[in-house]
Amino acid sequence: MPKLFTYRQPFELENGQSLPELALAYNTLGQLNADGSNVIWICHALTANAHPEEWWPGIFDKKNGIDIDTYFVICVNTIGSSYGSTSPQSLHPETGEVYGLDFPKFSIRDISKSLDLLSEHLGIHEIQYLLGGSMGGMQAMEWAIQKPEKIKNLVLLATSARHSSWGIALNETQRMAIEADATFFGNKKEAGKKGLEAARAVALVSYRNYRTYQMSQIDQDNTTDHFRASSYQKYQGEKLSGRFDAKAYWYLSKAMDSHDVGRKRGGCEKALSGIQAKTLVIGIQSDFLFPVEEQEFLARHIPDSALEIIDSTYGHDGFLIEVDRIKSVLQKHFKL
Ligand SMILES: CC(=O)SCCNC(=O)CCNC(=O)[C@H](O)C(C)(C)COP(=O)(O)OP(=O)(O)OC[C@H]1O[C@@H](n2cnc3c(N)ncnc32)[C@H](O)[C@@H]1OP(=O)(O)O
Ligand SMILES: N[C@@H](CCO)C(=O)O
């Protein structure tokens with residue numbers, strides 16, 4: 001069961017709007033030591049939850065990975081997500097009505113600010129390792145810029161300093177699919193379900209690549225319909241719509257689009273130069289959603305940083321799947 005932190009004051013957002021109060025669902029593994037020096041904070045990607053032991057299980061490994069007998073691990077479900085934090089499905093505390101599409105838009109900076117709020121509430125003033133992939137990497141990077149002295153070591157996987165036009169176009173295409181489902185605009189529990197399925201199918205193509213489909217979804221010769229790739233796309237859409245809310249997805253994709261560490265900070269290079277953490281940037285060679293040139297840019301502009309490119313066929317989702325390779329580069333650069 002996730003723990004719940006409720007901030008019973010208005011939470012001011014970057015766009016000038018506010019949430020009257022904010023609940024954050026989070027999960028911890030291991031024990032915080034007496035001087036608070038053993039914290040590993042993991043930021044999750046778009047549709048995951050506060051349980052990295054479920055979606056990144058191989059990373060917890062006493063011998064080569066994160067040992068929860070040594071470290072205190074924390075992961076927080078992001079604002080807007082479907083797994084317990086304040087989201088479009090929450091009740092507005094003043095009206096008692098579901099927010100729905102009245103939920104305010106929020107940015108990656110707002111998510112990072114909320115993580116800092118929770119860390120201070122828990123008395124955590126120093127983070128030994130902050131890790132995040134994809135949208136989780138955006139949050140981690142932002143936080144390391146907002147609180148450079150607090151983050152000692154930073155691991156950024158398959159992510160960028162500013163969400164690309166390509167990424168925004170893909171997200172907009174997914175939102176168009178969601179909005180084409182007229183039920184999305186209502187507040188029924190399953191609102192936007194079919195649209196979300198189409199959106200996930202679009203997204204999946206960007207998380208994988210030509211080779212991954214060639215490897216796992218080839219049909220027998222002479223097939224003319226009901227192709228494996230077709231049922232795979234449908235299955236993956238249904239798998240997501242069975243566990244995630246279309247409005248949460250819509251808002252989170254908007255937050256992702258907002259990611260630009262350089263906004264009002266004199267550009268990305270300047271913002272990244274303020275990171276004090278020893279940083280490891282990890283890219284996946286076959287990732288065409290966050291291509292390796294984006295990680296090269298990060299490594300070039302974060303002062304104390306190293307770059308590792310993992311040779312994988314899995315594309316963007318390689319940051320979730322290639323756990324052994326990730327552990328090996330973590331071991332190379334850090335004494336985890
Ligand atoms: C509460 C929660 O569930 S939260 C956490 C879950 N998800 C997350 O955290 C998000 C991050 N994780 C992910 O995005 C993914 O799980 C990944 C990237 C790590 C792995 O992706 P997967 O979908 O598991 O792997 P893959 O692409 O190989 O697909 C396998 C699934 O497709 C099914 N499948 C494969 N080919 C086909 C096909 N031709 N037709 C229909 N189904 C197919 C498999 O049976 C399997 O189904 P299952 O997931 O029910 O076991
Ligand atoms: N597959 C990931 C998104 C890719 O960053 C998720 O569903 O969270």
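From the backbone N, Cα and C atoms, a Cβ is placed for every residue, glycine too.
Keep in mind the model is a prediction, meaning the values are calculated, not measured.
A simple way to gauge crowding: the CB of Ser134 (active site, nucleophile) has 27 other CB atoms within 10 angstroms, across all the protein chains here. Annotation source TrEMBL lists active site, nucleophile at Ser134.
Per TrEMBL, active site is recorded for Asp287 (among others). Secondary structure from DSSP puts Asp287 (active site) in coil. Within 10 Å of the Cβ of Asp287 (active site) there are 28 other Cβ atoms, across all protein chains.
For His316 (active site), the number of other Cβ atoms no farther than 10 Å from its own Cβ, over all displayed protein chains, is 26. His316 (active site) carries a helical DSSP state (H, G or I). Summarising the annotation, TrEMBL assigns active site to His316 (among others).
Annotation comment: TrEMBL describes Arg200, Asp317 as substrate binding site. Long-range Cβ contacts of Asp317 (substrate binding site) within its own chain (separation 6+, distance under 8 Å): Tyr207, Arg208.
If you look up TrEMBL, you'll see 39-320 marked as domain 'AB hydrolase-1'.
Taking the C-alpha atom of Ser134 (active site, nucleophile) as reference, the shortest distance to any of the recorded positions Arg200, Asp287, His316 belongs to His316. Within the same chain, residues at least six positions away from Arg200 (substrate binding site) with a Cβ under 8 Å of its Cβ are Gln174, Gln236, Gly237, Lys239, Leu240, Ser241.
According to DSSP, Ser134 (active site, nucleophile) is assigned to coil rather than to any helix or strand. Among the recorded positions Ser134, Arg200, Asp287, His316, no residue has its Cβ under 6 Å from any atom of ligand 1.
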